[in-house]
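> First, the structure itself, so that you have it in front of you.
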Amino acid sequence: MRYVKLPKENTYEFLERLKDWGKLYAPVKISDKFYDFREIDDVRKIEFHYNRTIMPPKKFFFKPREKLFEFDISKPEYREVIEEVEPFIIFGVHACDIYGLKILDTVYLDEFPDKYYKVRREKGIIIGISCMPDEYCFCNLRETDFADDGFDLFFHELPDGWLVRVGTPTGHRLVDKNIKLFEEVTDKDICAFRDFEKRRQQAFKYHEDWGNLRYLLELEMEHPMWDEEADKCLACGICNTTCPTCRCYEVQDIVNLDGVTGYRERRWDSCQFRSHGLVAGGHNFRPTKKDRFRNRYLCKNAYNEKLGLSYCVGCGRCTAFCPANISFVGNLRRILGLEENKCPPTVSEEIPKRGFAYSSNIRGDGV
């Protein structure tokens with residue numbers, strides 16, 4: 001990998017030059033507590049030391065709402081509507097959000113590529129930035145706190161500038177086109193980088209092993225936590241909309257006022273909505289709020305056997321923005337036995353039966 005240094009005094013000039021490559025988006029402060037990725041007119045408004053944006057960068061690639069095709073019911077045909085996307089740059093993406101995009105890639109690009117997602121992914125330039133964790137961050141436990149790839153450039157803060165890692169041919173071109181703004185990395189810079197990474201690791205609130213989380217979630221399907229926390233849940237879906245990896249959508253046909261023409265659109269859906277598991281005939285795969293609440297925890301941490309990865313990147317958004325003050329990481333730690341001295345007796349006695357039946361998909365009195 002190639003490493004260069006961008007001196008602090010050249011930062012804004014480099015950011016300004018990025019606009020020559022397309023629209024520039026970066027984190028800006030939108031209120032006392034909140035940040036969001038917005039199009040940048042004035043590069044001096046960019047926030048380099050933000051904790052997290054409300055919406056993850058997935059919104060640029062997987063649109064909250066988009067038209068798929070148009071139709072005319074008088075004709076046996078339809079016309080696909082694929083947006084013409086101009087190149088764009090997203091600056092200031094944290095490592096956990098980069099991992100989030102990589103997970104979305106496994107869903108929308110592997111096997112059967114989604115053309116709507118793909119066209120945006122091909123046009124987007126990703127520039128990551130280092131960060132210090134706050135009390136909500138647990139990306140270190142998900143091993144998503146340091147990005148090895150998935151970016152064109154990655155900026156690591158130094159006392160007098162940035163150590164820049166170059167991750168793609170596009171990243172090389174960005175540096176080479178502006179080579180006069182960059183310098184070689186010195187021994188002093190390497191020491192500063194090492195010191196920053198050491199302090200960053202020490203700043204995390206939690207330092208523990210979550211390696212058996214998936215299995216404990218499968219075993220603890222009736223843990224009392226599910227009832228307690230589901231009762232608090234407002235089923236608003238904000239944990240889904242702010243999540244970097246939530247990818248469910250619903251599809252609807254919209255007929256225009258002429259009653260003949262229309263279009264099909266897809267829009268983000270939430271597994272916390274009752275309608276999410278509702279199918280023809282009125283059957284609902286997850287009829288209760290508890291079912292839906294528990295399903296999200298399983299989706300993020302247990303439904304990953306095929307890909308061998310967690311669908312949670314530890315960004316902390318679902319906890320930080322939850323209006324009911326439900327702690328996602330706190331609930332997982334309860335399942336892991338890290339926030340309670342011992343399991344309730346009724347739970348520990350039934351674990352062997354429930355665990356075997358659940359994991360093996362076997363049901364019956366003899367299990």
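Keep in mind that glycine also has a Cβ here, set from the backbone N, Cα and C atoms.
The [4Fe-4S] cluster 1 binding site annotation in Swiss-Prot covers C233, C236, C239, C243, and the record cites similarity to another entry as its basis. Summarising the annotation, Swiss-Prot assigns [4Fe-4S] cluster 2 binding site to C312, C315, C318, C322. What Swiss-Prot lists as domain '4Fe-4S ferredoxin-type 1' is 222-254, and the listing cites sequence analysis. The domain '4Fe-4S ferredoxin-type 2' annotation in Swiss-Prot covers 303-332 and rests on sequence analysis.
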> If we skip the immediate neighbours and take only residues 6+ beyond the ends of the domain '4Fe-4S ferredoxin-type 1' (222-254), which ones have a Cβ under 8 Å from one of its Cβ atoms?
54-58, 62, 64, 68, 71, 96-97, 99-101, 103-104, 107-108, 262-276, 288-290, 292-294, 296, 300, 311-313, 315, 317-318, 321-326, 328, 331, 334-335, 344, 347, 350, 354
> Any idea what the Cα distance is from C236 ([4Fe-4S] cluster 1 binding site) over to C318 ([4Fe-4S] cluster 2 binding site), rounded to a whole Å?
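Taking the Cα atoms only, C236 ([4Fe-4S] cluster 1 binding site) lies 12 Å from C318 ([4Fe-4S] cluster 2 binding site).
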> Does anything in the same chain, at least 6 positions from C233 ([4Fe-4S] cluster 1 binding site), have a Cβ under 8 Å from its Cβ, and if so what?
Q272, K289, F293, A324, I326
> Taking the Cα atoms as reference points, how far is C318 ([4Fe-4S] cluster 2 binding site) from C239 ([4Fe-4S] cluster 1 binding site) in Å?
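For C318 ([4Fe-4S] cluster 2 binding site) versus C239 ([4Fe-4S] cluster 1 binding site), the Cα atoms are 4 Å apart.
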> Do you see any of the binding-site residues C312, C315, C322 whose C-alpha is within 10 Å of C239 ([4Fe-4S] cluster 1 binding site), and which ones?
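Checking Cα-Cα distances against C239 ([4Fe-4S] cluster 1 binding site), the binding-site residues within 10 Å turn out to be C322.
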> Which residues, sitting 6 or more apart from C243 ([4Fe-4S] cluster 1 binding site) on the same chain, put a CB under 8 Å from its CB?
P56, G100, C315, R317, C318
> From the centroid of the CB atoms of C312, C315, C318, C322, the recorded [4Fe-4S] cluster 2 site, which same-chain residues not already listed sit within 8 A by their CB, in sequence order?
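What remains near the Cβ centre is C239, T242, C243, G316, R317, T319, A320, F328, V329.
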> Cβ neighbours within 10 Å, counted over all protein chains: which one of the binding-site residues C315, C318, C322 has the most?
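Neighbour-count leader: C315.
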> Using other CB atoms within 10 angstroms as the count, which residue among the binding-site residues C236, C239, C312 scores least?
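Taking C236, C239, C312 as the binding-site residues, the minimal 10 Å Cβ count falls on C236.
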> Return one of helix, strand or coil for C318 ([4Fe-4S] cluster 2 binding site), based on DSSP.
helix
